[in-house]
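Note sheet for the following structure.
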Amino acid sequence: MDKFPFVALSKTYNTNAQVPDSAGTATAYLCGVKANEGTVGVSAATERSRCNTTQGNEVTSILRWAKDAGKSVGIVTTTRVNHATPSAAYAHSADRDWYSDNEMPPEALSQGCKDIAYQLVHNIRDIDVIMGGGRKYMYPKNKTDVEYEIDEKARGTRLDGLDLVNIWKSFKPRHKHFHFIWNRTELLTLDPHNVDYLLGLFEPGDMEYELNRNNVTDPSLSEMVVVAIQILRKNPKGFFLLVEGGRIDHGHHEGKAKQALHEAVEMDRAIGQAGSMTSLEDTLTVVTADHSHVFTFGGYTPRGNSIFGLAPMLSDTDKKPFTAILYGNGPGYKVVGGERENVSMVDYAHNNYQAQSAVPLRHETRGGEDVAVFSKGPMAHLLHGVHEQNYIPHVMAYAACIGANLDHCAPASSAGSLAAGPLLLPLALFPLSILF
């Protein structure tokens, strides 16, 4: 992403929060409307967890705009496919945590609200590619998982008894080739030319961290992206692809900087793969974060110092060493014998080491500062300077001549004009969940 020619800053606050969450921010950069913390695919008129404030306040996403324009569309994530970021592309929910009806309060169910997994299958029935985790939310309560047969936590969660995978299959036209897969081998043996619709659910919940990934059963983010593009680019009208490196965020919340940064490296690898499979002439690629974290890097370290190493001096207050990476708050706060833990006595290079934090919290918090927006391709110059986060999808829609604003688009019948306005074929979005 560092090689992208255009860079902007995005203001991430939610309508009711200085420091945002991924649901409200995903609604901003996918639907073009700022929203309340914890809500997805709805305007700020919807209050979190209040089902009866949803109806009439739904907002649609750029994925929907692209599909309505005849493009192929896809979602690839390392989280659950019904997690905050991907759900803003297709769902309208007063609460990001309503993964299945099992997680919904009785009041919301009685008022007619649907869980996010249900909406994934029913709201936009012709999403061409869906890949990530989240198997258990698709199956009836206590249904044994195909991979973890003895793990009770991996079992189905649905109280309504629905098998959403079978329902997904039933919605597909008989003459189309549709595939449900659950492991890496199945993914890599697919012939993209014979796939019209793909649903890949590789874990019961979120996918494993890249450092922990079972490379027999679980594909990497970049492997999923390659297959997704191979399927989507067959459409002569182009495609829209949402790619989320969502476990970057989880690593930071757990204070595990090494996990988070290796997730970011894999996200960057996926961006590189996408770039090698598309053209600057007809593909707008946007890389951004939904929000930041209270994650710092300092300590006057010399060039060549391990990013996970120690600062070159001791604290001038407690005379103990400290790592270059620290958090403002989180689970890494440790007191031993009434004093800050001496990090030289622990394995601070371990994959799951929790970097020290200033304030003790079970989960590190998000940050509120602006985040970067990298872009390349047609109309990428419109992403420069400092913007509200909800500006992003309007730029992409403008470039692709989709959505409500088509006044600038050349009619398809005009002699010598571009058939689809300023952007002829693919439109790709790669939102990076938590780069900073």
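Just so it is clear, glycine is given a Cβ too, placed from its N, Cα and C backbone atoms.
There are 27 other CB atoms within 10 A of the CB of S22 (active site, phosphoserine intermediate), with all protein chains counted. Residues or ranges marked as active site, phosphoserine intermediate in TrEMBL: S22.
According to TrEMBL, the Mg(2+) binding site annotation covers H83, T85, E244.
Among the features that TrEMBL reports, Zn(2+) binding site is placed at D249, H253, D290, H291.
Cα spacing between D249 (Zn(2+) binding site) and H83 (Mg(2+) binding site): 12 Å, rounded to the nearest whole number. Within 10 Å of the Cα of D290 (Zn(2+) binding site), the following recorded positions from the list S22, H83, T85 place their own Cα: S22, T85.
Minimal Cβ crowding within 10 Å, among the binding-site residues E244, D249, D290, is found at D249. In space, S22 is the closest of the recorded positions S22, H83, T85, E244 to H291 (Zn(2+) binding site), judged by Cα positions.
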